[in-house]
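*Asks:* Okay, these came from Swiss-Prot:
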- 191, 192, 193, 194, 311, 335, 523, 584: CoA binding site (BINDING)
- 387, 388, 389, 411, 412, 413, 414, 415, 416, 500, 515, 526: ATP binding site (BINDING)
- 537, 539, 542: Mg(2+) binding site (BINDING)
- 609: N6-acetyllysine (MOD_RES)
């Protein structure tokens, strides 16, 4: 193997895991040489109401992009995640809930989950929700979020979850785009000792133009905090559930019926509604969960992601429950009230598989041994990382400290658009290299291409693409198939472009090098630079703005904003604070710029295009390697920006 630090699979791990290296290689080869035969067999991981006869039907051709899997089969997601486990696992815990503070927790068995999901599905029906209708969720990390998701799938409604940290404007935009019929929320959320005004944000969102598609708001009383109540529109979760039966027949859904919409940031500013469908998504969620985490009966699994992100959808709810696992849902943050909180939760619930983000790992690493103080973490056997590439130093710390030098780390690479993990080690099959996502999952055909789209062989670096479809792939952008083709299939013809750069080493391992488009990855969450820029320029004192990503030791990427003020306006500490607060209000705390650089002008080409490449170099202090600047309309602007950057840093 090449020179990086290697962690080989131990004999014991290989012996006790679901797959060895030889089995992986054999199955992987089968999955790409005959995808229909491979997935035709693997699709049986689910229960089908009407078995499929067709497996794969996909095309990445320009103007004809179409993705279908198991298209003549019928199934129900909630039945696969709950009902089929009732006979053998009715009394097993399905959802373990841990509150923001250690004095709040709850255990929900599969039997209890079935009852709650059926009741809430009947509530949705009584509110006029039908198959294909969109339901918007803006929820805290409580079991009710999973109940609401599963209730939607039971009756064939399409859920659209908005992350609980997003602003009223962001909620409204997603409601309008999806024509949501109902909003499900809570009075307030709790996170890291703070209270999040969920209901108040929904109330404000529903004052915006175009949100009159919403007929009712169902409110779960989470904190008991006082909220505004709109008579005739707002309904109390507990009261409406009490009137409903705890039986609800699951709707038979076609494999290609929509399952959920999840909005993700694009480089053009308007969020994109990624659409996943029922059959292929759930097959892929179930398969990847089982093999990537080497899931075995009795495991207690904890994915720390919020359900507002794709990781929470696939690996907190659908993947684990489809496998009949026990999934821990956590309301808090890994370092509150003390840096040892994550390790304490592991010990309290005997967590055996832990899936978290490099941001959390780096934040804990900064606290050193405080992160593990008073804990033993002896229940852990598998660690996972998700959201962004993990730097080798953080990987080693995670392995040595949290995992006690005995738990393999699955460093998973995937996206909202991919539905599930595409590149990852498999615990008993893959020798590990800190910082590498290693090898593709079954059926996944990655390639590295140069800027012309030429496929590079062997050791190479360039743009990461996928050459063929896999069952969990998104099908389209909601109500915008043209934008879907334009965004993902126009850069490199006949290939799915991930937007990420990667290199492949001499062992065929993939190393993700980060975004190659105008999308930031802040704390593992994607945000379009254009989205933040449009929030900035909507401030009455700002004329122009350009946003770039800069390295950040905790968040991975920080947000560096160049801001040009209107004539007659001048920088001040007060305005600095006001502008940061403005962005928080417009988008959410996660989009708050780390640095504002007051700029008299921005570097532009003669055609008026802002040269972000140059702004990135200046922001990261690489002003001695700006590259070709011959197309600049006014080179003196660059000199001024470099001078200002040096003065402030």
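Any Cβ shown, glycine's included, is placed from N, Cα and C.
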*Asks:* Near residue 584 (CoA binding site), which residues of its chain come within a Cβ-Cβ distance under 8 Å, counting only those 6 or more away in sequence?
*Replies:* 167, 591, 592
*Asks:* To test your reading of the Mg(2+) site: which residues beyond 537, 539, 542, same chain only, put their Cβ within 8 Å of the Cβ centroid of those residues?
*Replies:* 535, 536, 538, 540, 541, 543, 544, 545, 563, 579, 582
*Asks:* By CA distance, which of the binding-site residues (387, 389, 414, 416, 539) lies nearest to residue 523 (CoA binding site)?
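*Replies:* Closest candidate to residue 523 (CoA binding site), judged by Cα separation, is 387.
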*Asks:* Under DSSP, is residue 412 (ATP binding site) part of a helix or a strand, or is it coil?
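*Replies:* The three-state answer is coil.
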*Asks:* Should residue 193 (CoA binding site) be counted as helix, strand, or coil on the basis of DSSP?
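*Replies:* In three-state terms, residue 193 (CoA binding site) counts as coil.
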*Asks:* For residue 311 (CoA binding site), find which of the binding-site residues 387, 412, 416, 515 come within 10 Å, Cα to Cα.
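*Replies:* The binding-site residues passing the 10 Å Cα test are 387, 416.
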*Asks:* Please report the three-state DSSP label of residue 523 (CoA binding site).
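*Replies:* Where residue 523 (CoA binding site) sits, the three-state DSSP reduction gives coil.
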*Asks:* Can you name the residues of this chain that are 6 or more positions from residue 539 (Mg(2+) binding site) yet have a C-beta less than 8 Å from its C-beta?
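*Replies:* Spatial neighbours, sequence-distant, of residue 539 (Mg(2+) binding site): 579, 582.
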*Asks:* What's the CA to CA span in angstrom from residue 412 (ATP binding site) over to residue 193 (CoA binding site)?
*Replies:* 30
*Asks:* Neighbour count first, Cβ atoms within 10 Å, every protein chain included; then name which of 192, 387 tops the list of binding-site residues.
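*Replies:* Neighbour-count leader: 387.
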